[in-house]
Amino acid sequence: NNCPLDWLPMNGLCYKIFNQLKTWEDAEMFCRKYKPGCHLASFHLYGESLEIAEYISDYHKGQDNVWIGLWDKKKDFSWEWTDRSCIDYLNWNKNQPDHYKNKEFCVELVSLSGYRLWNDQVCESKDAFLCQCKF
């Protein structure tokens, strides 16, 4: 694998948790500026969720939820990944997504679920975040 030392290699891509708190959009922009082709992380298999959850539990400083690259751009429960990969796997927390008060359109990993399950959240909330890159 060609991933830098503190990145997690998985299925040909590299993943890294960033502990600074950013809004969803600022986090996606940070990932994109880090290196061309980088985005907030996308998930396609249950096994990836478990491996990422373990990695975040090991390396994340703090109890913050963690942004991933899923969002509801059209605000109608039609979810999209920022890397434009296909939506072939979802792992929502119980009773989610709910677009609570019609304000939640960005997706985070829930720290209380051990970073395994997903919640839709207000995009202006500040979370830690997970970038995905190809090196």
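Just so you know, glycine gets a Cβ as well, placed from its N, Cα and C.
What you are looking at is a predicted structure, and each value in this text was computed from that prediction instead of being measured.
In this structure, Asn119 (Ca(2+) binding site) is part of a beta strand by DSSP. Listed in sequence order, Asn65, Trp92, Asn93, Gln96, Pro97, Glu104, Val107, Glu108, Val110 are the same-chain residues at least 6 apart in sequence whose CB falls under 8 Å from the CB of Asn119 (Ca(2+) binding site). The Ca(2+) binding site annotation in Swiss-Prot covers Gln96, Asp98, Glu104, Asn119, Asp120.
If you look up Swiss-Prot, you'll see Cys3-Cys14 (among others) marked as disulfide bond. Within 10 Å of the C-beta of Cys14 (disulfide bond) there are 20 other C-beta atoms, taking all protein chains into account.
What Swiss-Prot records for Cys31-Cys131 (among others) is disulfide bond, and it gives similarity to another entry as the kind of evidence. For the recorded site, Cys31 (disulfide bond), the DSSP three-state label reads helix.
Here Cys38 (disulfide bond) comes close to Cys31, Arg32, Cys131, Gln132, Cys133, Lys134: these same-chain residues lie at least six apart in sequence, with C-beta atoms under 8 angstroms from its C-beta. The disulfide bond feature in Swiss-Prot is assigned to Cys38-Cys133 (among others); the stated evidence is similarity to another entry.
All protein chains considered, the CB of Cys123 (disulfide bond) has 19 other CB atoms within 10 Å. Annotation comment: Swiss-Prot describes Cys106-Cys123 (among others) as disulfide bond, evidence class similarity to another entry.
What Swiss-Prot lists as domain 'C-type lectin' is 10-132, and the listing cites sequence analysis. For the domain 'C-type lectin' (10-132), DSSP puts the residue distribution at 31 helix, 39 strand, 53 coil.
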Given the recorded Ca(2+) site (Gln96, Asp98, Glu104, Asn119, Asp120), which additional residues of the same chain have their Cβ within 8 Å of the Cβ centre, ordered by sequence?
Trp92, Asn93, Pro97, His99, Tyr100, Val107, Trp118, Gln121
Taking only C-alpha atoms and a 10 A limit, tell me which of Cys3, Cys14, Asp98, Asp120 are near Cys106 (disulfide bond). These are the recorded positions.
Asp120
How does the model score the domain 'C-type lectin' (10-132) in terms of mean pLDDT?
96
